[in-house]
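Novice: So that we are looking at the same thing, I have put the structure below in structure tokens.
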Amino acid sequence: MHDEDQYLHLIRRVLDTGDLRPDRTGTGTISLFAPPNLRFSLRESTVPLLTTKRTFLRGIVEELLWFTNGLTDSKILSDKGVKIWDGNGSKAFLESRGLGHRREGDLGPVYGFQWRHFGAEYEDCDADYAGKGVDQLRECIRKIKENPTDRRIILSAWNPKDIPSMALPPCHMLCQFYVHLPADTAKPELSCLMFQRSADLGLGIPFNIASYALLTHMIAHVTGTTARELIIQLGDAHVYRDHVEALEVQLQREPRPFPKLRWARDGITDIEDFEYSDFVIEGYNPHPSIAMKMSV
């Protein structure tokens, strides 16, 4: 079975057996709680970039680099043509969250801030947080290198104290890394288990699968390991009601082989050294795009 079939089967199951529920956005969802996890092989430089519709690769990579660099200003992405955070960073949305004192685009202490500065006092998206808080991402990298059997290689974006200050609380909120130690002289292998409390199956999950796969490849590259597997456990897995028609089209399509990742240059040793141009995705031949509206 193709790894993408797990995703398609989950959508079918949600559509057939899920509960109709109201939601924060007012759109309405069909929801299933805690479905079986999704497992994607990352071996041989595989990237599980969904093929039953074209996925916005540039947006995925730019957002991931925005996370890993600890940034929280959505305008940085928007200026690069990546508009995925524009709705949540708009002045009207910030005002609806009681955050109208912030300038447009300032999302608050969201993902990247928690990854790189957990526990620091958030001022605004323009402040310098160098050396402040816990740099969880660097700690994960250090542990993978120095203590690979550690059971505490955790990266958490969920900080209850900071949630009221966030434009949107984290959906993909925690991951754990695991180093498989070989019996021979082969490279150690790195796997990632990610938990996502809220999973928009139509728009969000294709992004999240590829993003955490690429993050695992990045961390493997700078730790001298090789990426093995991405496992994703979902909490509230849902289909927005205005995505049903589009997903029915997608479900008719046959998955194609996943692409491979190649690094454009040698010598990347630090997680902050990666640039968009370093990610070369080879062999991506998806079906055409399918338009779906984002609920804000």
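Placed from the backbone N, Cα and C atoms, the Cβ positions cover glycine too.
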Novice: Need one residue: from Asn159, Asn208, the one Swiss-Prot lists with Arg24, Arg151, Arg152, Arg197, Ser198, Ala199, Asp200, His238, Val239, Tyr240 for dUMP.
Specialist: Asn208
Novice: Can you figure out which of Arg24, Asp200, His238 (the binding-site residues) comes closest in space to Cys171 (active site, nucleophile), comparing Cα atoms?
Specialist: Asp200
Novice: Taking the Cβ of Arg152 (dUMP binding site) as the reference point, list residues of the same chain whose Cβ is under 8 angstroms away and which are at least six residues distant in sequence.
Specialist: Lys143
Novice: Counting Cβ neighbours within 10 Å across all chains shown, tell me which of the binding-site residues Arg24, His238 comes out on top.
Specialist: His238
Novice: How many angstrom lie between the most widely spaced Cα atoms of the dUMP binders Arg24, Arg151, Arg152, Arg197, Ser198, Ala199, Asp200, Asn208, His238, Val239, Tyr240?
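Specialist: Output for dUMP binders Arg24, Arg151, Arg152, Arg197, Ser198, Ala199, Asp200, Asn208, His238, Val239, Tyr240: max Cα distance 36 Å.
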